[in-house]
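Undergrad: Taken from TrEMBL, the feature transmembrane segment covers 37-57, 92-116, 122-140, 152-174, 194-215, 222-250.
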């Protein structure tokens, strides 16, 4: 029994991020297999819809615990939209709230042992960020037309440095899609990797036995503290991703 457990917990901490095809499927030469990542993403969306439906169905004047939590998330997102977009952002509130909720669920479900953290993969975070980025630019073009390109040329720039300023502004504008995706991916990956390492260390000390059983209390306390910290990071990263989305959307609407 000791050898099996030791082998299990001595595995690489990065194995938890491996994408495994569960239902192989190929369509028109494309790999459309149902993987653990897609299943947990579907689960996150389903739980988000279920929770919202449950809260609406049992909506009361005096809210219960679940309704209170949902209202906190709702108010937080609404405040986020108000502070960064103003009244013009109300039309985008359903999208912003949905984005926040799904990312939050993906992060929190990843905290469950033997589950899968969808947001720990750059393919997902970059794909999501790119889709949002394209949508924001479409909104900018629809709002300002050809004047949208003036976002790359601040007012009052001397003529002889215009090419340099345009190049810098263009690069800084394009890099936004990378910063917003890498931030979420890096935080979730590093946090879960650290948890796996500490958990493996605690289990190894318990398996050895003897005086090490008492020494494992220290890393065990550290592990519990890291779990609490990681839950906080899961909430914070969902908030930060949504906040940056609101800021980028406001930039194309106000042409800052």
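Including glycine, each Cβ sits where the backbone N, Cα and C put it.
Would you situate these features in the structure and describe their surroundings?
TA: Only residues 6 or more beyond the boundaries of the transmembrane segment (37-57), in the same chain, are considered here, and those with a CB under 8 A from a CB of the stretch are 19, 22, 66-67, 70, 98, 101-102, 105-106, 109-110, 115-118, 121, 124.
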Undergrad: Take the transmembrane segment (222-250) and find every residue of the same chain, 6 or more past its ends, with a Cβ under 8 Å from one of its Cβ atoms.
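TA: Same-chain contacts beyond the ends: 76-77, 80-81, 84-85, 89, 92, 96, 99-100, 103-104, 107-108, 110-111, 119, 132-133, 136, 139, 176, 179-180, 183-184, 187-188, 191-192, 194-195, 198-199, 202, 256.
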Undergrad: If we skip the immediate neighbours and take only residues 6+ beyond the ends of the transmembrane segment (92-116), which ones have a Cβ under 8 Å from one of its Cβ atoms?
TA: 16, 36-37, 39-41, 43-45, 47-48, 52, 73-74, 76-78, 80-81, 85, 132, 184, 188, 192, 227, 230-231, 233-235, 237-239, 241-242, 245-246, 249
